[in-house]
Amino acid sequence: MVSSASPSLEPFEAGHDTSSPNRNLAPLTAAVGPDGQLSVGGCRLHDLAERFGTPLYVLDEQTLRTSCRAYRAALASHYPGDSLALFASKAHSSLAMTALVASEGLGLDAVSAGELHTACDGGMDPSRIVLHGNNKSPEELLLALQCHATVILDNWFELGLLEELCNGHGLRARLLVRFTPGIECHTHHYIRTGHLDSKFGFDPDQLQELLSHLAGCNWADVAGLHAHIGSQIFELEPHRDLASVMADALALARRLGHSATDLNVGGGLGVRYVASDDPPGIDQWVRTVAQAVQEACEKRGLALPRLLCEPGRSLVATAGVTLYRVGSRKDIPSLRTYIAVDGGMSDNPRPITYQSLYTACLAGRPRAAAEETVTVAGKHCESGDVLLRDIALPSVRSGDLLVVFATGAYNDSMSSNYNRIPRPAAVIVGNGKADLVRERETSRDLLRFDRLPQHLQPVS
Ligand code: LLP
């Protein structure tokens, strides 16, 4: 799809596959103009870099809306009961993103007071917000209770806190009970959560005792169950297995007298970061989950629950690209060439954390043939600060603009100020227009919370 603002643009084909947004490496509106320059959302990336500086996070509105609609359409066509897709805002939490997903009729999953405030201020209806976390603070719980968000009950300690808060403030809690389903899947072990040895949720063996206890709590409404098996998952089988484990738990909850109308199967659908990645599309994932839940409920004679899911990465990853300016270069004869960019592990910690792979091109010469193999390093004082290892590019010059694809999820949200490097600005683009959604930090901003005790003040 090409932005309607620039009919002369040609779609940019890197990893292009229009069957589903999470199968594209590039945003849906990525296109090359007559001048050979890459644009997204009808905006030349070169112009965005000039106007907003680099590094710059660029979000494509059309890709975001397309993926929200893909989830909604798939749920409506494959699941006969009620359903709701909740955006897992840990993937990218901002006022703009909240407002956009709310306008597309999605709900939101938050994991902290910060994400809750962002969701509420961004205009998300609190009845469509769920609060997660294995160690929520009393303040976070109270905030959720007072705005009538749903709390994903994670553990016994939290149960005690909630009871105290509800009784103390005359509140009722709408709860989904989270448990570990005991399902293994193939993803990086840091982002696997469904296996039994996980910090999240109740052990399945404790469900009977827990649900019996909750049946006697007049402050709690057990509205359903939650489980999440992990992230960046390409297999469909674990999601099918999850449906039957969850249906057993649903049957138990209803036997014990709970309304248990909601079944929240979490998120986890993977995306393409490099051409060899081959995740299912959004429609295929939803169809698998929806059919599995339906079959599992029919088999047990259960009325269909409302089906909730919590996609994060597959909603936002490929909508985002990051622009960097190339600076220095180091050629190590017959070993390696490093080119360094003006960001790195502080704006994208995924390569150093999970050994994640990415795809990149030069904004000014996106279609030029590869002439050299380079390793793209960041500017941080750490050898492991490498964004892309051994990638083929046209010969790279200082001042070139490097575009890294599929950086919309878990980049901005996991960014840091390591080495006191300010976080990048973020813009949203569409129809040839770019709007700032996050101001660039400045180095001076980073001193805002520092305090110098009297006895350490320099003597003048
Ligand atoms: N629901 C729950 C309870 C979750 O813990 C997560 C992700 C999601 C939904 C969304 O999963 P998704 O659809 O995005 O796979 N920082 C890591 C990913 C951590 C995922 C944490 N939980 C990364 O950069 O790959």
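Placement of Cβ uses the backbone N, Cα and C atoms for every residue, glycine included.
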**OP:** From Gly257, Gly268, Gly364, Gly378, grab the residue that TrEMBL records in the same pyridoxal 5'-phosphate site as Glu310, Pro311, Gly312, Arg313, Tyr410.
**Re:** Gly268
Original post:
Looking at 1-30, 121-150, which one is region 'Disordered' according to TrEMBL?
Top reply: 1-30
**OP:** Please work out the number of neighbouring Cβ atoms within 10 Å of the Cβ of Cys381 (active site, proton donor), leaving out its own Cβ.
**Re:** 9
**OP:** Work through the binding-site residues one by one (Glu310, Glu382) and point out the residue whose CB has the fewest other CB atoms within 10 angstroms.
**Re:** Glu382
**OP:** Starting from each candidate's C-beta and looking 10 angstroms out, tell me which of the binding-site residues Arg313, Arg350 has the most other C-beta atoms.
**Re:** Arg313
Subject >> Residues near Pro311 (pyridoxal 5'-phosphate binding site) in space but at least six apart in sequence (CB under 8 A) >> reply: Tyr71, Ala85, Phe87, Ala88, Gly267, Leu269, Ile282
**OP:** May I have the list of same-chain residues other than Gly268, Glu310, Pro311, Gly312, Arg313, Tyr410 whose Cβ is within 8 Å of the Cβ centroid of the recorded pyridoxal 5'-phosphate site, in sequence order?
**Re:** Ala88, Lys90, Ala91, Ser231, Gly267, Leu269, Ser314, Leu315, Ala409
